[in-house]
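*Asks:* Here it is, the structure in full.
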Amino acid sequence: MAAPYRQPEEAVDDSEFIDDHHDHLRDTVHHRLRANSAIMQFQKILVANRGEIPIRIFRTAHELSLQTVAIFSHEDRLSMHRQKADEAYMIGHRGQYTPVGAYLAADEIVKIALEHGVHLIHPGYGFLSENADFARKVEKAGMVFVGPTPDTIDSLGDKVSARQLAIRCNVPVVPGTEGPVERYEEVKAFTDTYGFPIIIKAAFGGGGRGMRVVRNQADLRDSFERATSEARSAFGNGTVFVERFLDKPKHIEVQLLGDNHGNVVHLFERDCSVQRRHQKVVEVAPAKDLPTDVRDRILSDAVKLAKSVNYRNAGTAEFLVDQQNRHYFIEINPRIQVEHTITEEITGIDIVAAQIQIAAGATLEQLGLTQDRISTRGFAIQCRITTEDPSKGFSPDTGKIEVYRSAGGNGVRLDGGNGFAGAIITPHYDSMLVKCTCRGSTYEIARRKVVRALVEFRIRGVKTNIPFLTSLLSHPTFVDGNCWTTFIDDTPELFALVGSQNRAQKLLAYLGDVAVNGSSIKGQMGEPKFKGEIIKPKLLDAQGKPLDVSQPCTKGWKQIIDQEGPVAFAKAVRANKGCLIMDTTWRDAHQSLLATRVRTIDLLNIAHETSHALSNAYSLECWGGATFDVAMRFLYEDPWDRLRKMRKAVPNIPFQMLLRGANGVAYSSLPDNAIYHFCKNAKKCGVDIFRVFDALNDIDQLEVGIKAVHAAEGVVEATVCYSGDMLNPKKKYNLEYYLALVDKIVALKPHVLGIKDMAGVLKPQAARLLVGSIRERYPDLPIHVHTHDSAGTGVASMIACAQAGADAVDAATDSMSGMTSQPSIGAILASLEGTEHDPGLNSAHVRALDSYWAQLRLLYSPFEANLTGPDPEVYEHEIPGGQLTNLIFQASQLGLGQQWAETKKAYEVANDLLGDIVKVTPTSKVVGDLAQFIVSNKLSAQDVVDRAAELDFPGSVLEFLEGLMGQPFGGFPEPLRSRALRNRRKLDKRPGLYLEPLDLAAIKNQIREQFGSATEYDVASYAMYPKVFEDYKKFVQKYGDLSVLPTRYFLAKPEIGEEFHVELEKGKVLILKLLAIGPLSEQTGQREVFYEVNGEVRQVSIDDKKASIDNTARPKADVGDSSQVGAPMSGVVVEIRVHDGLEVKKGDPLAVLSAMKMEMVISAPHSGKVSGLLVKEGDSVDGQDLVCKITKA
């Protein structure tokens, strides 16, 4: 029993929700409209359809003073067309009909109409619009069917009958079967006579369903079965007919109108050639560049055919025009068409109004629609915006529309259906959201309007075809107006899509996740201590006036590198009278104190001031080392993007990076070509000075990096890693060792010599001796010294280096200095100021910069290691500064936090066991991993040696012993090495000699296939960290570029009602406000998070990771696993063609999906054996749900 739609909790008629004022207003409007619509004698119209076409009809009906009635299925109860009518009634009761079946329930629809006093029924298009039995039932019930007579529908709705009619009228047709065919053998007989290609068409209905082009015998049977199945599913009749397929024809259709007195007029033609799967995608009216004589013949034939059957109401005669401009009749569609809008725009005629008034008895002459009065003006183009994913074969997308903003403006018409924020797009119906029609005085003006309108749309939450439509309308062939019916299939470059960035919604997804689940940044402990605005410092000149820092400083040591080259730079540094400073705040300082977590946005925020305050600095250490992988791994930033932005903001100070020799910035050796490629791109992107080191001081490993930097034309700072205590005669690494190493390095022609004291164990007297000895031996070689202040002697050591002849020493801004970081820049400047070693920096400016970092450190307080002071014990355990804080964190994560003192002692033991090696990344990690292994397993040094053959050592330890990190000075420890390696190989040369060169071109293609685009910088990142890079790219695909998000909101959620700003790019700012966090849904385990974005409320659904729910979702296919076959779209499985264990070949059908009245075959991506079949017939699946696996033979 049909009944008005009711809210579940209240059995109240909809009209009770409309107050008296609105009733009065509606009646007044109806009265005034009726006064201008004398032709209309009826009062109420029902539209037997859904989506946009009922809304279109309701609007005209209201203009004609008709009351309107909508019908809807249970699944459509929230659809917009229900709300646009005066009354709305559900078809049957819940579960009585399928979603599509409800709109095919002719008896039920007629019953609803009778019960509610309907006088006219408009069928729209699709569903029952071409069903003669439905038209008869309407008329038999005493109502008026807005369309042709039932007999006309019978004669023309059947394409075979229409074809026979054309032949009788001497209108040309394409060769085809004389009547409908029901058996495969009949189709086979036709192809035996006429050959291929052919087209199989459903005899009833349209929209491309039940239609297949077949080009060879192998596909014939399957295509016939699919076409008949689709036709039966969509139209209730599986009858098809067959025609010879024309290659590259145009599809031209003529809009017709006929009255009840035998009068027929045409409203000119439309070019509907741009199609996909025989469904129209873009339509143009009138056809551009159609020869006049051809147009006239087509129009004449269309009218002739309509008159021959006394055609009544609106209809469309369709023709194909081949490349010789010969036209062939296809069919007459006895209904209104989706694309009727463009005809309305060029003729000024409301076709729906004409339909209704003709049905009410009006003649064409009464409506002013005689042929001599009908003309066209300008051009109109229509696009159908759908929820389809062009990158996945236009598979329909489903889900919730999170954002919906329409286009508009001069010449833009929108006919919408369920396009609105909050709409749920289901797999049950057609995927169209809105029709966008644009008109202009010329074809080109109309085309440009459509492109502009498409760009103006903002639709989020579901994929749309807008990027494809934009590509299509911008293609030269479309611009020229020369498209044909298979143009989309024949033009693969249309799919080189530039998708919408969807930045705001992706950002909301991240912010929503932080709001629900808190920060997921690894290593973060709690929320920041400081959440206020960071005050930027002012730099004052000698007169106390603020310097203009709106632009960066452009004078510094980098200009010598750029203008004169690395050699001239090295000479200038050596000739400089003072001792220059390298500021490590932008890299090693925050690596040592804040787990390398400082983000790009916070560096850029102080960049201009830095370029002025440190304009005479030797360099800024700001890239490479751990910052490279941490940027991707934990901060979700592109390290190359960081480098580019920093370089632009600081153009005057040389940038220095840390290069791990033959490792690049990775933790193990890579093929040589990967190192050369990396250095070339790093130099191109902004690095000036490459501090090249090897973790074992292996000169062969070091040589790879040095030569790579030379090839990139960068400044080579070849580095000696300092370890131990050279003043202690019992220690392994003495002055002779270091001088011999320097000799080997100098032979490789570096521009600068670096000394890298990773643990801060270079005592002042040792510094004076080492630097002084090198200076004496190499008086023209610039020397740069790096240290950590772990023991508290860093300032003294750096001053000793300066006095012994070093040209540059390292320091960090005061508030980021000391302990495991570098010594204080303020202390060094104060100590050297006014001496012959004066660094030439303005102490007041340096202090001003520090005021910024003092605030910023509080913002990053969740990453503090909570060290309280210097640790002279470093002279014993020799743990590098950068590793010390990480080791503390790792120990706590492994449950060893209470045994920190024991861990430090174990570090000494591990170092001795490994042969007292040089300890810097990655060898320091080897020692650290072995130390934690010893503590967690409660092992002694002797236990490790004795049980080495049975212990499962950490991977890094085995890699070191194997020789993958190079050759240590003094050799590997025996018998530990042999016992631990067991049957693993032992390398006696540098690892790179055993590695095949990377196929960089193949990597680039792989990245492009996986992520849509690829740069050389992407290739370099992948070469260093394949898995980290892929995870980062996937994260960005989900959440977008988070580098623009202020750190306060990156690490913690805002307060409810707090407003904050995010600058996406110059001049584009999002104004955001967290409004509410919804309750937990027990069904989904999600919470709705509500944000206000530029004054507009948006919501995102977030998984609550703390919730415990029964997850009934199907597993998803892993796109990176070629054996896994995923559903290409959401839908219902209508047929299974395989079973577990079956051998299949590439392209064999596995299953058939039906969605949005379309069937799609899931084919085998490669040959192999089927396993793990997870679906059965009748199952509903979502896009990318795992269907089965196919294991390659």
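Placement of Cβ uses the backbone N, Cα and C atoms for every residue, glycine included.
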*Asks:* For the divalent metal cation site that Swiss-Prot describes with D588, H786, H788, which of these is also annotated: K555, K558, K756?
*Replies:* K756
*Asks:* Do you know which of K137, K140, K159 Swiss-Prot groups with E243, H278 in the ATP site?
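*Replies:* That ATP site, as Swiss-Prot gives it, pairs E243, H278 with K159.
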*Asks:* If I go by Swiss-Prot, which of T316, T921, T923 binds substrate at the same site as R587, D588, A589, H590, Q591, R660?
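*Replies:* Checking T316, T921, T923 against Swiss-Prot: the substrate site match is T921.
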*Asks:* Any same-chain residues 6+ apart from H786 (divalent metal cation binding site) with CB under 8 Å of its CB? Would you list them in sequence order, or say none?
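*Replies:* Set apart from H786 (divalent metal cation binding site) by at least 6 residues yet with Cβ under 8 Å, we have M582, T584, D588, R691, T719, G754, I755, K756, D757, D810, Q822.
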*Asks:* When the domain 'Biotinyl-binding' (1116-1191) is classified with DSSP, how many of its residues are helical, how many are strand and how many are coil?
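*Replies:* Once the DSSP states are binned, the domain 'Biotinyl-binding' (1116-1191) shows 0 helix, 38 strand, 38 coil.
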*Asks:* Using a 10 Å cut-off on Cβ-Cβ distances across all protein chains shown, tell me which of the binding-site residues (K756, H788) has the largest neighbour count.
*Replies:* H788
*Asks:* Out of E243, D588, which of the binding-site residues is least crowded by other Cβ atoms within 10 Å?
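*Replies:* Selected from the binding-site residues E243, D588 on minimum Cβ neighbours within 10 Å: E243.
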*Asks:* Where H788 (divalent metal cation binding site) and K159 (ATP binding site) are concerned, what is their Cα separation in Å, rounded?
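*Replies:* On Cα coordinates alone, these residues lie 85 Å apart.
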*Asks:* Would you count the other CB atoms within 10 A of the CB of H278 (ATP binding site), including those on all shown protein chains?
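*Replies:* Total other Cβ atoms inside 10 Å, all chains included: 18.
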*Asks:* List the same-chain residues at least 6 positions away in sequence whose Cβ sits under 8 Å from the Cβ of K159 (ATP binding site), in sequence order, or say none.
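*Replies:* For K159 (ATP binding site), the qualifying residues are K201, A202, A203, F204, F241, I330, E331.
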*Asks:* Based on the record's binding annotation for ATP (K159, E243, H278), what whole-number value in Å is the widest Cα to Cα distance?
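*Replies:* Those residues reach a largest Cα separation of 15 Å.
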*Asks:* Determine, for the divalent metal cation site, the additional residues of the same chain whose CB lies within 8 Å of the mean position of the CB atoms of D588, K756, H786, H788; present them in sequence order.
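*Replies:* Same chain, not in D588, K756, H786, H788, Cβ within 8 Å: T584, D757, M758, T787, D810, Q822, G881, G882.
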*Asks:* Restricting attention to the domain 'Biotin carboxylation' (41-493), give the mean pLDDT.
*Replies:* 92
*Asks:* May I have the list of same-chain residues other than K159, E243, H278 whose Cβ is within 8 Å of the Cβ centroid of the recorded ATP site, in sequence order?
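*Replies:* In sequence order, the nearby non-listed residues are I199, I200, K201, A202, M211, F241, I330, E331.
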